[in-house]
Amino acid sequence: QLTTSFYDQSCPQVFSIVRQGVDRAFSREQRLAASLLRLHFHDCFVNGCDASILLDDTSTFTGEKAAGPNLNSARGFDVIDDIKSELENQCPGIVSCADILALVARDSVAVSAGPSWDVLLGRRDSFRASQADANRFIPSPASDVPALVSAFQAVGLSASDMIVLSGAHTIGAARCGTLTPRLYNQSGTGQPDSIGDPDFLASLQRLCPPGGNPGTLSRLDVRSPQEFDNSYYQNLLQGRGVLHSDQILFSGGGSSAQAVQDLSSDENLFFGNFAASMVRLGSIAPLTGPDGEIRTNC
């Protein structure tokens, strides 16, 4: 069972080592905070929080780094490697890569002026990864609300968790390669997305023209892109969600729209709910004992 005190005796310096690594990364490039948070999310959605996303391909399996949701977008692996290297110097063979990902996610939010929370620890690392499962289980940015709810429920999270964890898009950016389907061929219609502010969508089309650079970035929160706050939800009220899966939370109506309104007007509500949902996210199907290992290299 995971516990906040797992390393109290075996590696009490784990918290300071991880935080220092996140601070160094953040001072080098603030966008890395969002990338590191995303690594934890994309890891946990694929057969649990087991650091499978960090594994390279081997002769016996194809890893998750080149899966559709991760290809050319998952980043920050060097930050995890640097933190792991320091932990191996101080506490060899003790701290799992899966626990590093969970701690890094918490500290990436905190360094971006967001909430903090007590991270449950004691995960072990997987022996395998699965590109097919990454393609299958990680929600698509083109998803509608029922598909998003289904994807979260499949890993034991609720519709409320989905709406709150979507608020992680208050930091970070999306590539034009990800946005192009929404801007020109939503759901295979050959037309732009029909939801959201038309002027805002037009501005995204100017940023991401047909045949343009797929690596060009659009901030996911156009109001305060580098600060972890509740302006993500305020943007949705104005039709200024960058991804379809963001904007549909409000434009689709129903209970998700009400939740967006509530979170947009109460940042403390968002922070408290986000912290609680992150604990639940980090508790998805952890490996313990002989079911996993402690990698010496993530």
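Here the Cβ of each residue, glycine as well, is placed from N, Cα and C on the backbone.
Residues or ranges marked as active site, proton acceptor in TrEMBL: HIS42. Long-range Cβ proximity for HIS42 (active site, proton acceptor), meaning a same-chain Cβ under 8 A and a gap of 6 or more residues, is found for ILE53, GLU64, PRO69, ASN70, ALA74, ALA134, ILE138.
Around the Cβ of ASP43 (Ca(2+) 1 binding site), a 10 Å sphere holds 30 further Cβ atoms from the protein chains shown. According to TrEMBL, the feature Ca(2+) 1 binding site maps to ASP43, VAL46, GLY48, ASP50, SER52, GLU64.
Neighbour count (other Cβ atoms within 10 Å of the Cβ, all protein chains): 19 for PRO139 (substrate binding site). For PRO139, the entry in TrEMBL reads substrate binding site.
Sequence-distant neighbours of HIS169 (heme b binding site) (same chain, 6+ residues apart, CB-CB distance under 8 A): LEU220, ASP221, TYR232, VAL242, LEU243, ASP246. Under the heading heme b binding site, TrEMBL lists HIS169.
The Ca(2+) 2 binding site annotation in TrEMBL covers THR170, ASP221, ASP229. Counting every protein chain shown, the number of other Cβ atoms lying within 10 Å of the Cβ of ASP229 (Ca(2+) 2 binding site) is 19.
The disulfide bond feature in TrEMBL is assigned to CYS11-CYS91 (among others). The Cβ neighbour count for CYS91 (disulfide bond), using a 10 Å radius and every protein chain shown, is 16.
When other Cβ atoms within 10 Å of the Cβ of CYS44 (disulfide bond) are tallied across all protein chains shown, the result is 31. As annotated by TrEMBL, disulfide bond applies to CYS44-CYS49 (among others).
Take the CB of CYS97 (disulfide bond) and look out to 10 A: across all protein chains shown you find 29 other CB atoms. Annotation source TrEMBL lists disulfide bond at CYS97-CYS298 (among others).
Its Cβ taken as reference, CYS176 (disulfide bond) is surrounded by 18 other Cβ atoms within 10 Å in the chains shown. Under the heading disulfide bond, TrEMBL lists CYS176-CYS208 (among others).
In this model, the domain 'Plant heme peroxidase family profile' (1-298) carries an average pLDDT of 96. Under the heading domain 'Plant heme peroxidase family profile', TrEMBL lists 1-298.
Of all the Cβ atoms in the protein chains shown, 23 others lie within 10 Å of the Cβ of ARG38 (site 'Transition state stabilizer'). Marked as site 'Transition state stabilizer' by TrEMBL: ARG38.
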Distance from SER52 (Ca(2+) 1 binding site) back to CYS176 (disulfide bond), taken between C-alpha atoms, in Å: 27
If you take the centroid of the Cβ atoms of ASP43, VAL46, GLY48, ASP50, SER52, GLU64, the listed Ca(2+) 1 site, which other residues of that chain have their Cβ within 8 Å of it? HIS42, CYS44, PHE45, ASN47, CYS49, ALA51, ILE53, SER126, ALA129, SER130, ASP133, ALA134
Any same-chain residues 6+ apart from ASP50 (Ca(2+) 1 binding site) with CB under 8 Å of its CB? Would you list them in sequence order, or say none? ASP43, ALA98, ARG123, ARG124, ASP125, SER126, ALA285, PRO286, LEU287, GLY292
